[in-house]
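Novice: The structure's right below; bear with me while I get my questions together.
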Amino acid sequence: MRKDWCEARKNDPTPTQMYYAKNGVITPEMEYVAKVEMLKPEYIRQLVAEGKLIIPANINHTNQIPMAIGRAVKCKINANIGSSALASDINEEIEKLKVCLKYGADTVMDLSTGGDLDEIRRAIIANSTVPIGTVPIYQIIHDIKDLDNLTPQIMLECIEKQAKQGVSYFTIHAGFLLKFMPLVAKRKMGIVSRGGSLMASWMMKHHKENPFYEAFDEICDICAKYDASLSLGDSLRPGCLHDASDEAQMSELAVLGELTKRAWEKNVQVMVEGPGHVPFNQIEFNMKEEKRLCHDAPFYILGPLPTDIGAGYDHITSAIGGTMAAFHGASMLCYVTPKEHLGLPNAKDVRDGIISHKIAAHAADIALGRVGAIERDHAMSDARYKFDWNKQFELALDPDKARELHDESLPQDVFKEAEFCSMCGPKFCAYKISQEIAKIECSDYPKEKK
């Protein structure tokens with residue numbers, strides 16, 4: 001879709017959406033986003049220029065359909081896929097990607113840590129019409145084998161290689177500073193971020209500052225070259241309710257706010273990552289603190305999970321917290337699957353995670369009065385009242401699941417025309433009774449005696 005657009009500006013010195021926006025240019029990507037979100041193109045340009053909205057769109061991912069992340073547009077959801085050292089199958093990852101696209105993931109992150117990472121990533125980008133994000137430290141550690149071998153040069157080479165492939169955003173753990181280590185010691189669960197734990201290990205062994213922080217300007221230069229956005233990772237996100245909103249988390253968040261401004265100076269788009277495990281009554285506070293400390297950059301959050309005991313059902317736990325977070329300003333929800341805390345998700349887990357978080361994001365969009373958000377719900381209400389079963393399946397966030405559950409008890413085609421379902425049957429259907437009542441003429445009512 002974007003091949004001609006990207007070709008036309010391939011020789012521009014800074015081909016980023018933010019650069020064009022700051023210079024008054026409305027790109028085709030901005031126009032497309034404006035149409036999808038039912039907003040004015042100039043408004044989209046202004047938000048991108050201010051850093052309040054990002055359009056993650058690497059110039060080398062030309063089959064990607066433009067989308068936007070920010071408070072002014074509908075809440076988005078991300079789905080994670082990727083191999084592990086114990087389970088690496090490129091075909092399975094492509095199947096997971098297909099599930100992500102089918103059920104409406106707005107972005108996908110390849111978090112592979114095992115197998116041929118370059119080939120897995122190449123295949124995912126080639127088959128994806130949504131932005132692909134990565135966490136470069138995973139490949140860095142995979143390639144160098146030993147964390148002690150990490151150098152800034154190796155780090156930058158890996159990021160550029162992935163940017164050349166078409167990665168549209170990078171999670172960079174640059175806000176975790178050496179001076180925060182004593183704060184981590186006060187926690188019940190320490191560091192639960194994989195990238196954060198690797199950086200902590202490196203800093204403690206070498207007694208040096210975080211190399212991602214030290215090389216942040218060079219990382220921004222690479223991102224500006226390919227219009228890859230930065231997703232500033234929260235290495236110190238709370239992994240349990242006990243650690244939520246603590247000094248470690250907030251100290252890192254303040255640094256992420258500083259890094260956001262530095263990236264903007266280089267015309268690099270930024271979103272900020274957030275928690276994590278957070279009690280329900282602290283979610284609003286966390287959203288407002290990010291807005292304050294990070295200058296209203298889009299907030300991309302994992303959950304948050306308002307309880308620690310939902311193992312096996314954490315896609316539900318996360319969706320509960322995610323709805324509240326999105327209502328108070330989160331711009332994108334990273335899905336959590338039923339396998340969270342338990343193992344590597346399969347395609348079914350991916351589907352369940354996506355749908356639960358699509359529900360959460362959509363509920364927040366309705367509550368916030370976002371343009372067009374409630375229209376699908378109104379259409380569903382009409383279809384239900386008219387017993388239009390096929391239309392109901394079509395309008396559902398998961399049409400396959402809706403049809404499957406209906407057909408468990410009434411599989412024959414004749415029941416797609418029936419004015420009842422298996423719950424109430426033909427005699428106790430409230431919709432049917434209500435429709436019969438509505439047919440009664442007013443003249444049929446007893447007249448009031450004077």
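A Cβ is built for glycine as well, from the same backbone N, Cα and C atoms used for every other residue.
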Novice: From Glu50, Glu265, Glu273, grab the residue that Swiss-Prot records in the same substrate site as Asn80, Met109, Tyr138, His173, Ser193, Arg194, Gly195, Asp234, Ser235, Leu236, Arg237, Tyr300.
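Specialist: Swiss-Prot lists Asn80, Met109, Tyr138, His173, Ser193, Arg194, Gly195, Asp234, Ser235, Leu236, Arg237, Tyr300 binding substrate, and from Glu50, Glu265, Glu273 it also lists Glu273.
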Novice: If we check Cα distances from Ser235 (substrate binding site), which of the binding-site residues His277, His341, Cys421, Cys424, Cys429 wins as closest?
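Specialist: That would be His277, nearest by Cα distance.
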Novice: When you rank His277, His341, Cys424 by Cα distance to Tyr138 (substrate binding site), which of the binding-site residues ends up on top as the closest?
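Specialist: Nearest listed residue in space: His341.
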Novice: Under a three-state reduction of DSSP output, how is His341 (Zn(2+) binding site) classified: helix, strand, or coil?
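Specialist: SS state of His341 (Zn(2+) binding site) = coil.
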Novice: Quick one: pull the CA-CA distance for Asn80 (substrate binding site) versus His341 (Zn(2+) binding site), whole Å only.
Specialist: 14
Novice: Run through His277, His341, Cys421, Cys424, Cys429 for me and report the binding-site residues whose CA is within 10 Å of the CA of Arg237 (substrate binding site), in sequence order.
Specialist: His277
